Amino acid sequence: MLERFRALSHLVLGPVARWLIRHGVSPDVVTVAGTAGVVLGALICFPQGWLWQGVLIVTVFVVSDMIDGLMAKTTGTASPWGAFLDSTSDRLGDAAVFGGILLFFAYRQDSTLWAAVALAGLVFGQWTSYVKARAESLGFTCGGGLAARADRLVIVLVGAFLAGLGVPYVLEAAMALLAVTSMITVFQRIEQVRRQAKGPRGAQDSHGPGAAHGQPV
Ligand SMILES: CCCCCCCC/C=C\CCCCCCCC(=O)OC[C@H](COP(=O)(O)O[C@@H]1[C@H](O)[C@H](OP(=O)(O)O)[C@@H](O)[C@H](O)[C@H]1O)OC(=O)CCCCCCC/C=C\CCCCCCCC
Ligand SMILES: Nc1ccn([C@@H]2O[C@H](COP(=O)(O)O)[C@@H](O)[C@H]2O)c(=O)n1
Ligand SMILES: [Mg+2]
Ligand SMILES: [Mg+2]
């Protein structure tokens, strides 16, 4: 849903991207530093119960994920390597955010139930991204759905921020919403691929969908 704001985010973050380029920073450095900041911020703050503080730190670094691509496009250096580094780093950042919340529920709230719901959010979120990656590796078109990555991040970060300010049950509600919407997104994406695979061009086209069948990813 938030993907539609990508152009707007480029407008806002353009000056930051150009400032970094002028100072000789490369998109890869932003990708790696941004991921490290998300991982450290989430895994240090959330398990300690420093929720709103953790959200502020994670938000600053997660926004760098929009800046690296913008820098690469602005400098004409967008590359398959950059796309690979960006996407694989995203998975680590997501795992740290949801893992941090899981540890918060397990150790600060003593709640196995909500830790399990956070785990479900993590698993369905990573599954969502893997379905897209595997589908694209096989030549299918796949993406979107109810809860893509930006949607998932905004839900978990807003929930954690408000919980940190003392709003009751908001993080639990956010995690339940995420588990359900991410699961629905997985099925929406699988259905997209199934329709293409079973459609008229389906698996016979050696250059289109199905061309890379059997190649493990
Ligand atoms: C007084 C101060 C108050 C401060 C309040 C703080 C509260 C903070 C709460 C929330 C803020 C959260 C903002 C986080 C926004 C995160 C958006 C983001 O990172 O999007 C990343 C995404 C980059 O996409 P990629 O192409 O790099 O990634 C792909 C994606 O991962 C795919 O995943 P999939 O969907 O398949 O699961 C992968 O498949 C693919 O491999 C991978 O490459 O960027 C976008 O999507 C662009 C659109 C983003 C639009 C963001 C809008 C943000 C809206 C609200 C923000 C609220 C304002 C907060 C301001 C805080 C300022 C400090
Ligand atoms: N280090 C990087 C990071 C990204 N890219 C390119 O940008 C695309 C992702 O853009 P986002 O706005 O979603 O970050 C990615 O597919 C690459 O083409 C890059 O080249 N190097
Ligand atoms: Mg990025
Ligand atoms: Mg990214």
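Yeah, the Cβs are placed from backbone N, Cα and C, and that goes for glycine too.
Look at TrEMBL and you will find D90 tagged as active site, proton acceptor. Annotated CDP-1,2-diacyl-sn-glycerol binding site per TrEMBL: D28, V29, V30, T31, G69, S79, in sequence order. If you look up TrEMBL, you'll see D65, D86, D90 marked as Mg(2+) 2 binding site. TrEMBL lists D65, D68, D86 with the feature Mg(2+) 1 binding site. Annotation source TrEMBL lists region 'Disordered' at 198-217. Per TrEMBL, transmembrane segment is recorded for 20-44, 113-131, 138-163.
Sequence features, as recorded in TrEMBL, placed on the structure.
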{"residue": "D28", "record": "CDP-1,2-diacyl-sn-glycerol binding site", "Cβ neighbours (10 Å)": "18"}
{"residue": "V29", "record": "CDP-1,2-diacyl-sn-glycerol binding site", "Cβ neighbours (10 Å)": "14"}
{"residue": "V30", "record": "CDP-1,2-diacyl-sn-glycerol binding site", "Cβ neighbours (10 Å)": "24"}
{"residue": "T31", "record": "CDP-1,2-diacyl-sn-glycerol binding site", "Cβ neighbours (10 Å)": "24"}
{"residue": "D65", "record": "Mg(2+) 2 binding site", "Cβ neighbours (10 Å)": "20"}
{"residue": "D68", "record": "Mg(2+) 1 binding site", "Cβ neighbours (10 Å)": "27"}
{"residue": "G69", "record": "CDP-1,2-diacyl-sn-glycerol binding site", "Cβ neighbours (10 Å)": "20"}
{"residue": "S79", "record": "CDP-1,2-diacyl-sn-glycerol binding site", "Cβ neighbours (10 Å)": "12"}
{"residue": "D86", "record": "Mg(2+) 2 binding site", "Cβ neighbours (10 Å)": "20"}
{"residue": "D90", "record": "active site, proton acceptor", "Cβ neighbours (10 Å)": "20"}
> Around the Mg(2+) 2 site recorded as D65, D86, D90, what other same-chain residues have a C-beta within 8 angstroms of the site's C-beta center?
Replying inline: T31, G34, T35, D68, G69, S87, S89, G93
>> Run through D68, D86, D90 for me and report the recorded positions whose CA is within 10 Å of the CA of D28 (CDP-1,2-diacyl-sn-glycerol binding site), in sequence order.
In response: D68, D86
> Which recorded positions among D28, T31, G69, D86, D90 have CB under 6 Å of ligand 2?
Replying inline: D28, T31, G69, D86
> Near the CDP-1,2-diacyl-sn-glycerol site, what residues other than D28, V29, V30, T31, G69, S79 in the same chain have a C-beta no further than 8 Å from the centroid of the listed C-beta atoms?
Replying inline: S26, P27, V32, D68, M71, A72, G82, L85, D86
> About how far apart, in whole Å, are the alpha carbons (Cα) of D86 (Mg(2+) 2 binding site) and T31 (CDP-1,2-diacyl-sn-glycerol binding site)?
Replying inline: 6
>> So, three-state DSSP: helix, strand or coil for S79 (CDP-1,2-diacyl-sn-glycerol binding site)?
In response: coil
